[in-house]
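Notes follow once the structure below has been shown.
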Amino acid sequence: MTQKMRPSGQAFMKMHGLGNDFVVIDSRGRGSVTTPALARALGDRNRGVGFDQLAEILDATGADFTLDFWNSDGSRAGACGNATRCVSDYVMRGLGKDAVTLVTARGELQALRRADGLVSVNMGQPQTGWAEVPLASAVDTLHLPMAGDPVAVGMGNPHCIFFVPDAEAVDLSGVGPALEHDPLFPQRTNVEFASVIAPDRLRLRVWERGAGITLACGSGSCATAVAAHLRGLTGRRVLIDADGGTLEIDWREDGVWMTGPVAHVFDGVLTAEFLAAHP
Ligand SMILES: N[C@@H](CCC[C@H](N)C(=O)O)C(=O)O
C-alpha cells in the first residue's frame, strides 16, 4: 500500500488558560508567518481551528522570546495575559528554566513557574492616564462619562470596567458589541463586568475586543483588579472568578502579577492548502 504524503504545512499548538484558548505558532528562527487573513481563517471555530487569540513566538534580542497577539477577527492585540502565561510555560520547558523574560508590544515582561505549578506573569504597571488607555478625550478615567460609571484602565490594551451588583445578570452578548465600539475608545475596548464578592475576591465576566465573550481574560482581570482597588472596593491582592476558573492578581510595586493554570491541549499541522488559501 502506498502511503499518502502530507504536503508540508505549518505546525501549531492549541493551549488554554482557564478556557481562554489560543493557537500558538512558534516562528523562532524564521520570522513571522501570520497575516490578518490567516488569523481570521484560523480563528473560525467551524472552518479553521478556533481560538480567542493567536500567539506567535518570535526571536528576541536581550530576552528569551518575543510574543505577538492576534484576535479571532484578525485584529492585533497589544497584550494577552493568559497566552503569555501559556507560551511562557512552553518556552520554560524547552529551555529547562523556571523563569523567562519576553518582549511584547508594551515592552519586556517576566514570567515564572511557581512551586505549585501555576504560572505567573508580571503584566507591568497599569496605564491610568486617558491618553495612555487610550481614550478619545481628556476625561477622568476613574469615572468615565458613560452610563454605568465605568473605569478605564490600560494593560497594554484598553479595558472598560463596570462594577455591578450581579455580573451573572448582565446580558454580555447584548451590550458587549456597542460598548466595544464606544466612541470614547478610538481603538475599541475590552469590556468587563465585575461584582465584589469580598474585599479580596471579584466575580468577572468579559466581552473581549475582537473576540467576543471569552471564558477568562488575563489582562482584563489585571485591569479589573486595578480599577477595584482604585475605587476603594478591594485590596491590592484579589482572586478573580472568571467563567473558566480563578486567577490570582497581585498589584505589587514592580507591576501587576497574574497567576493561574495553563494547559497544552494538542499539537497540529495546518495544511499547505489552508495556508495558501489565506495569504
Ligand atoms: N485574552 C487576553 C486578552 C486579549 C486581548 C484583547 N482581546 C484585545 O484586543 O486587547 C488576556 O488573557 O489578556
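Placement of Cβ uses the backbone N, Cα and C atoms for every residue, glycine included.
Heads up, TrEMBL stuff is auto-annotated, nobody curated it.
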According to TrEMBL, which candidate in N20, N122 joins Q53, N71, G81, N82, N157, N190, E208, R209, G218, S219 at the substrate site: N20
Most crowded position, judged by CB atoms within 10 A, among C80, C217 as active-site residues: C217
Number of Cβ atoms other than its own within 10 Å, given for R209 (substrate binding site): 26
Other CB atoms, at most 10 A from the CB of N190 (substrate binding site): 28
N82 (substrate binding site), number of other Cβ atoms within 10 Å: 35
N71, C80, N82, R209 screened against C217 (active site, proton acceptor), Cα within 10 Å - retained recorded positions: C80, N82
Recorded substrate site residues N20, Q53, N71, G81, N82, N157, N190, E208, R209, G218, S219, farthest C-alpha pair in Å: 16
